[in-house]
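Quick notes on the structure that follows.
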């Protein structure tokens, strides 16, 4: 008998060779009907894989991220079969699951594929799926695998890099593919499919290699799910931050300035400034000190930190100074500069923690094909801070940072999130720097802090930064999409590299621990996500313009100006639309600009010293007439509901 531990901690005994599906049926027949994938001791397996040892078993349904991953990966196999049948002679390469679907990179050689072909590919995929063919894994020798793919240079290259005894094929119907595993039970579960697009993609992501065709698709267990997903995509297009940023006059790009380098227009700059001031106020209460570092640094600085070895290829080329023979880099990270700020003077344990904060702009050489609006740029500003503390202070400092992140999210309407504990890949420790002892200390500090704060957590191995583990906040937006926003990282490595010290109570020198944190991540990316999450209807306290005064005619311009002065006295951000347009046209334009309050002034309002309020997005609900003081109270109350006071 073997002992199987389930996620709820319960342990059940089964005969050796029991399959995950049999375990699922032992739990509940109804539950088993929905199980489509499993993992055993952290390794993804099929539901019919025999279990021969004690271990931890997780069973996945379509509602689980791992279940969707297996579903989409399996569909990529079926799509590959359909493509081979429809386009004989093509060469298949790789076909992984990705967020919201899958892709397969294919060498079509002289054949062409276009949007006009999508329907026939979808039809063939569904035709194969209806056959209810089982996905079956089987081990093969390296020689057998190479023989199978002797005419496919791409698969041959992949196989050549694998060790004998680790190679497996996946079969379904008459189709075979090189694969590590992780499939649904059979093709019959696939009920709806959509080919989304095709694009060029270099083999292995290297532009020196041949350009292949990447075929993107998605699939679902019900047609209804696909229909809802496509409707969601249409809504996402309407909320696209690039579209809204242009319409709301927040930011722009210029080919003369350069790709991936956003220009912030007055309204966007005001929005950024308001976010910065919001965080600075909270940070001041939490004991942070503002610092400023230059946009460039000597190459040797980033060699010392390890960033040059890790990110050198993603940095802009060094800047050379002819006279001194020095090499400078555009700053890729702020942390080395903050280490040098710490090193300016000696510290005692009584001085710690030191908390340095900076809205520091950094630069990365992103490939032009990877640039995307504000979410992937070449120059971006991080709300960076670094805390230098004693090992004894680490747990408490980490918890305080969590409190700050939760305050930021709560004030901006991000209520649905998961805290991802990102740890080392236990099988590939060479890609990380630092000692095992320090890594274990750092990982335990994060796990304990997240537990103490009652966060909803998931653990992801292999997602740690190269210098330390981290806590990533995975936020769901209004469309249900998941984004990685705030991050907190523990680092024992940089204090070693920069020889940071403090004098302890024992009068000896010790190394501080370093915490990296950025609740926004970057201003650019955060604003892009916030823009799409709110569809441009930002919280009232954040809006560049909270109200617009619409005069019914030129006769009431002076009263409109008087109203504006009174609003400014109440610190309400407003402007006047005094164009020679109809009130209907002015209202439509204000609606397009998503200004929260339209204040209409005419004869009655001037006579009574009032304003008529129309709320954005509430057409047909009627206006209310109030005094300026009453309106100021309405604004103040609404802001208080969303913008809480940060307490430490």
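Glycine too: its Cβ is placed from the backbone N, Cα and C atoms.
Feature annotation from Swiss-Prot assigns domain 'TGS' to 1-61.
Per Swiss-Prot, the feature region 'Catalytic' maps to 240-539; the stated evidence is sequence analysis.
Residues near residue 516 (Zn(2+) binding site) in space but far in sequence (CB under 8 A, at least 6 apart, same chain), listed by position: 335, 384, 385, 386, 468, 470, 487, 488, 489, 491. Positions annotated as Zn(2+) binding site by Swiss-Prot: 335, 386, 516.
Same-chain residues with CB within 8 A of the center of the 335, 386, 516 CB atoms, the Zn(2+) site residues themselves not counted, are 333, 334, 338, 339, 384, 385, 489, 491, 494, 514, 515, 517. Residue environment of residue 386 (Zn(2+) binding site) contains 26 other Cβ atoms, counted within 10 Å of its Cβ in all protein chains.
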